[in-house]
Amino acid sequence: MNKEIQQANHSKNINKPFTDKDSIRVSVLSEALPYIQRFANKRIVIKYGGSAMADKTLQNAVFRDLALLSSVGVQIVVVHGGGPEINQWLEKLGIKPVFLDGLRITDTETMDVVEMVLTGRVNKQIVSGINNHGRLAVGLCGIDGGLIEARTLGGGSHGLVGEVAKVNTKILSPLLEEGYVPVISSVANSSDGRSHNINADTVAGELAAALGAEKLILLTDTPGILRNENDPSSLIEKIRLSEARELIDQGIVKAGMKPKVECCIRSLAQGVNAAHIIDGRTPHSLLLEVFTDAGIGTMVMGRG
């Protein structure tokens with residue numbers, strides 16, 4: 001009886017009219033094909049942060065997107081932040097977060113919390129999420145394998161906040177070639193062995209440059225670069241490198257967006273083909289950027 005029911009349902013599906021929604025699905029798949037072919041065996045570095053980390057539905061969408069990208073042969077590297085969870089733990093411990101120029105001021109006590117949260121909690125949650133969708137992710141931080149060497153930022157006005165002094169990609173290349181997805185937290189040691197908190201956008205940009213990545217993609221809580229930060233309709237869809245610098249000089253790009261645009265500029269200046277600032281609050285924004293003609297967010301182009 002069950003077999004007869006299955007056969008009947010199969011016959012119904014065969015005879016079911018082809019709808020406009022079906023046409024859209026086929027069109028989307030067809031549109032994706034040249035991009036799948038183009039980015040097979042190419043490297044894309046993705047900075048994962050913002051609301052896409054806090055909302056469970058968005059989390060799952062990102063993990064699925066990452067698994068799909070890896071499944072079709074794109075060599076994915078994920079660099080993650082963890083600001084909201086860091087703030088939650090600092091609050092639990094009675095430590096007030098302080099920021100300067102969009103970067104967290106990090107004393108020794110705060111650094112202990114940052115390292116615990118990023119490497120011990122957030123990193124493993126992301127690895128587990130990707131693994132649950134059928135791909136093999138590997139959790140790392142900048143300390144592992146000497147991946148990143150930190151240097152204290154400026155004159156130490158931000159405390160144990162670092163910048164990237166050196167990148168050693170030897171640990172990453174074999175993992176990527178074997179189809180693993182490295183998931184990297186932005187904690188690294190300086191030459192004197194002290195742990196530093198490096199802005200995750202900065203780490204993503206420097207890794208993209210060192211790996212010769214095709215793309216750098218930053219997931220954010222904004223539609224992209226806005227000429228007016230209070231007006232989503234002022235989105236700049238494409239911008240040249242020189243124009244991005246001008247927006248910083250003019251004070252249009254500021255606060256938390258400033259380090260994001262600066263890391264795009266540095267990565268492009270070092271050979272990355274394109275950098276994208278996209279809205280991680282939009283479900284499957286990664287796939288929309290990589291596999292569609294229109295893309296999403298702001299594309300910063302390397303020439304000009």
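The backbone N, Cα and C atoms fix where each Cβ goes, glycine too.
Swiss-Prot lists K47, K260 with the feature site 'Transition state stabilizer'. The substrate binding site annotation in Swiss-Prot covers G82, G83, R104, N197.
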Span of the substrate site, taken as the largest CA to CA distance across G82, G83, R104, N197 (Å, rounded to a whole number): 12
Recorded positions compared (K47, R104, K260) - highest count of Cβ atoms within 10 Å: K47
Listed binding-site residues (G82, G83), ranked by Cβ neighbours within 10 Å, top entry: G82
Neighbouring C-beta atoms (10 Å sphere around the C-beta of N197 (substrate binding site)): 27
Candidate recorded positions K47, G82, G83, R104, pick with smallest Cα gap to K260 (site 'Transition state stabilizer'): K47
Substrate site shell beyond G82, G83, R104, N197, criterion: Cβ within 8 Å of Cβ centroid: G81, I86, T106, V114, V117, L118, S186, N199, A200
Between R104 (substrate binding site) and K47 (site 'Transition state stabilizer'), the C-alpha gap once rounded to whole angstrom: 17
K260 (site 'Transition state stabilizer') - helix vs strand vs coil (DSSP): helix
Collapsed DSSP category at G82 (substrate binding site): coil
Cα distance (Å, whole number) from G82 (substrate binding site) to K47 (site 'Transition state stabilizer'): 11
